[in-house]
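Participant: In case it helps, Swiss-Prot gives these features for our protein:
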ACT_SITE  His43  active site, proton acceptor
ACT_SITE  Glu70  active site, proton acceptor
ACT_SITE  His191  active site, proton donor
BINDING   Asn7, Arg18, Gly192, Gly213, His214  3-amino-2-oxopropyl phosphate binding site
BINDING   Asp9, His10, Arg45, His50, Thr100  1-deoxy-D-xylulose 5-phosphate binding site
SITE      Glu151  site 'Transition state stabilizer'
Amino acid sequence: MLSLGVNIDHVATLRQARRTVEPDPVAAAVIAELAGADGITVHLREDRRHIQERDVRLLRQTVRTHLNLEMAATDEMVAIALEIKPDYVTLVPERREEVTTEGGLDVAGQVSRLSEVVSQLQGSGIPVSLFVDPDPIQIAAAAQVGARWVELHTGRYAEASSEAQQEAELAQLRQASQQAIQLGLRVNAGHGLTYWNVGPVARIPGMEELNIGHSIISRAVLVGLERAVREMRQAMGLSSGVGPA
């Protein structure tokens, strides 16, 4: 069944803009869960530009759905994950100069390293997802290194400048999902998804979870986080949530 993972990185972005203590990502996670989020996603970047290690530790103690830790495949991040033990890890590419993650992980180009990292994490009971472009070579490599999931990068779909281009990108996502499932992988997706473009991705056969952050947090500034999460669930074709209206 399709689920919604709410990425709360940009709650921390707002906090870090003033180097203060609020808004608190941990409090945001509680509100998101009460509004119907099926999981909480955070990206602990090497430069600590938004989410801090302390946030991840507190979230591990407080999240009642599941905690998805996005991170680079570095020794430092692997050590943190092995200590904190999130419900699962999503390995993502990372460059210090980027504003946000700009593309999928090159799994095919680093099979040996990623096999080692996946083995370390999953050997300690932490399932691993790989954030990849909807590319047959990368999906095959994800299966080769032993990952449990792929998270399909929906950026090109989200940024398509015409209806024809968007439909072509959507077709690639559908094909990638089908290939992943045939290889025994589970399928999530995310990046650039909004209230206006999420519907077709939500309807891709086999899709398990959509991880969405910026659009929800942007909407929350105007209408509040609880309503923003409920509205995203509705846009995905899910029930509006579990708490009071």
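Each Cβ is built from the backbone N, Cα and C atoms, and glycine gets one as well.
Just tell me what is around each of these and how deep it sits.
Facilitator: Other Cβ atoms within 10 Å of the Cβ of His43 (active site, proton acceptor) number 25 in total over all chains.
Cβ neighbours within 10 Å of Glu70 (active site, proton acceptor), excluding its own Cβ and spanning all shown chains: 25.
Under the three-state DSSP scheme, Gly192 (3-amino-2-oxopropyl phosphate binding site) falls in the coil class.
A C-beta separation below 8 Å, combined with a sequence spacing of at least six in one chain, links Asp9 (1-deoxy-D-xylulose 5-phosphate binding site) to Pro25, Thr41, Val42, His43, His50, Ile51, Gly213.
Here the Cβ of Glu151 (site 'Transition state stabilizer') has 30 other Cβ atoms within 10 Å, regardless of which shown protein chain they belong to.
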Participant: Any idea what DSSP makes of His43 (active site, proton acceptor), helix, strand or coil?
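Facilitator: For His43 (active site, proton acceptor) - judged by DSSP and reduced to three states - the answer is strand.
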Participant: What recorded positions among His10, Arg18, Arg45, Glu70, His214 are found with a C-alpha within 10 angstroms of that of His191 (active site, proton donor)?
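Facilitator: Cα within 10 Å of His191 (active site, proton donor): His214.
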Participant: Want to know which recorded positions, from Arg18, Glu70, Glu151, Gly192, His214, are within 10 Å of His10 (1-deoxy-D-xylulose 5-phosphate binding site) at Cα; which are they?
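Facilitator: Those near His10 (1-deoxy-D-xylulose 5-phosphate binding site) - Cα within 10 Å - are His214, in sequence order.
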Participant: In angstrom units, rounded to an integer, how far apart are the Cα atoms of Asn7 (3-amino-2-oxopropyl phosphate binding site) and Glu70 (active site, proton acceptor)?
Facilitator: 10
Participant: Give me the CA-CA distance between Glu70 (active site, proton acceptor) and Gly192 (3-amino-2-oxopropyl phosphate binding site), in Å, as a whole number.
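Facilitator: So the Cα of Gly192 (3-amino-2-oxopropyl phosphate binding site) lies 16 Å away from that of Glu70 (active site, proton acceptor).
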Participant: Taking only the binding-site residues Arg18, Gly192, His214, which one has a CA atom nearest to the CA atom of Glu151 (site 'Transition state stabilizer')?
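Facilitator: Closest by Cα distance to Glu151 (site 'Transition state stabilizer') among the binding-site residues Arg18, Gly192, His214: Gly192.
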